[in-house]
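Colleague: A single structure is presented below for examination.
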Amino acid sequence: MSEKTTQLAVGLVGPGVVGRALLEQLRVESKNLLSKYRVDLQVQGILNSSQVILGKEGQPIDLDAYGDQLLASSADASLGVLTQHLRDSPLPHKVIIDCTASAYVPQFYRRWMEQGIHIVTPNKKLNSGPLAEYLAVKQLQKAGRAHYMYEGTVGAGLPIISTLKSLLDTGDEVQRIEGVFSGTLSYIFNTLTPGKTFSSVVSGARRRGYTEPDPRDDLSGMDVTRKVINLARECGNKIELSAVDTESLVPEPLRKAQSPQEFMDSLHEHDDVMAARVAEADEHGEVLRYVGSYDAESGVCQVLLRRFPKSHPFANLSGTENIISFTTLRYSNPPLIVRGPGAGPAVTAAGVFADVVTLARYLGAPS
């Protein structure tokens, strides 16, 4: 192996839909990365909630067969076991990729970074969670203990975090960030036109696999709120989750429905409220969009269902597209806009994969 090859021992936590998509992309592209850029990504561990597989005798896991190996595994499935296995690897660099949506796994980020293990993740929980934990991880990053990369936390594979970082790093002054941050809610309100019912559109989104298993997880607005907090904190705002004005689209009487199906079965009883809002907007030549925003001057974050003229960029989306607008000192009229697919395991995995490649370049791989 050439001395100039950048070798990384990779541990992946959470081989769910995004994790599996990422492992497939790694399987397909690893040889290409090695030949073109001398980046050697060796997956040494894969952990789900009940099973773990580890590379044997320093060898990487066979990504053609990891699914069967994981099912057959009887090893102790713990983050501690995965961590120790990576630490024991002879490869010079270690990275853990957290593809879970868990609040538990991010509790280990500080410990990993203190041990020099880099972290790449689309998990939003750390960046939008308790401020003290977020600041502690950022301090370790600033001190150069390890790299912490999270492009996939906002906009799936869209370059949202990297765009914001570039603006801030070059001395631009962010005045406002706003956008349609949820692929699910983008689809719902792109589809919800006069004559269509809210319940039928939500049901259609669920059938297409655009919603979470419980659509209330999307309709509550909490996912968008976490993304907005992530961006506000990136700008230096020390906001907590509880301080954000978030409009839930879950009707009050249905918030305690016992199951997702009970919620869906009753949602039609509340269609009139949303139909009236759609009709009123339409009468004024406007549409409804579920938008998150951060205003730098006031420090206020809001996540609300708002009306926009049909000529507005937010009004002209299709499918599950995201669109994020950055108004800054340099980009004010018009603002800088990033737009594209904002949902789906393949694009989210691609955003995570791009962070892994960027990490390899930070560690010495050629650009």
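Cβ coordinates come from backbone N, Cα and C, glycine included.
OK, TrEMBL features for this one:
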type	residues	note
BINDING	GLY14, PRO15, GLY16, VAL17, VAL18, GLY19	NADP(+) binding site
DOMAIN	14-151	domain 'Aspartate/homoserine dehydrogenase NAD-binding'
BINDING	THR100, LYS124	NADPH binding site
DOMAIN	159-357	domain 'Homoserine dehydrogenase catalytic'
BINDING	GLU212	L-homoserine binding site
ACT_SITE	LYS227	active site, proton donor
Colleague: Specify the count of other C-beta atoms within 10 Å of the C-beta of LYS227 (active site, proton donor).
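Modeller: Total other Cβ atoms inside 10 Å, all chains included: 25.
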Colleague: Among the binding-site residues THR100, LYS124, GLU212, whose Cα is within 10 A of the Cα of PRO15 (NADP(+) binding site)?
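Modeller: Those close enough are THR100.
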Colleague: Show, in sequence order, which residues other than GLY14, PRO15, GLY16, VAL17, VAL18, GLY19 on the same chain lie with their Cβ within 8 Å of the centre of the Cβ atoms of the NADP(+) site.
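Modeller: For the NADP(+) site the neighbour list reads ARG20, ALA21, LEU22, CYS99, THR100, PRO345.
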Colleague: Work out, from DSSP, the number of helix, strand and coil residues along the domain 'Aspartate/homoserine dehydrogenase NAD-binding' (14-151).
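Modeller: For that range the per-state counts are 65 helix, 23 strand, 50 coil.
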Colleague: Which residues, sitting 6 or more apart from LYS124 (NADPH binding site) on the same chain, put a CB under 8 Å from its CB?
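Modeller: Same-chain residues close to LYS124 (NADPH binding site) (Cβ under 8 Å, separated by 6 or more) are ALA101, THR153, VAL154, ASP223, ARG226, LYS227, ASN230.
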Colleague: Would you count the other CB atoms within 10 A of the CB of VAL17 (NADP(+) binding site), including those on all shown protein chains?
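Modeller: Around the Cβ of VAL17 (NADP(+) binding site), 15 other Cβ atoms lie within 10 Å.
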Colleague: How big is the Cα-to-Cα gap, in Å, between THR100 (NADPH binding site) and VAL18 (NADP(+) binding site)?
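Modeller: The separation of the Cα atoms works out to 9 Å.
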Colleague: Show which residues of the chain containing GLU212 (L-homoserine binding site), separated from it by at least 6 in sequence, have their CB under 8 Å from its CB.
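Modeller: Once residues fewer than 6 apart are set aside, GLU212 (L-homoserine binding site) is near THR184, ASP218.
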Colleague: For the binding-site residues listed here (PRO15, GLY16), tell me which residue's CB has the most neighbouring CB atoms inside 10 Å.
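Modeller: Answer returned by the neighbour count: PRO15.
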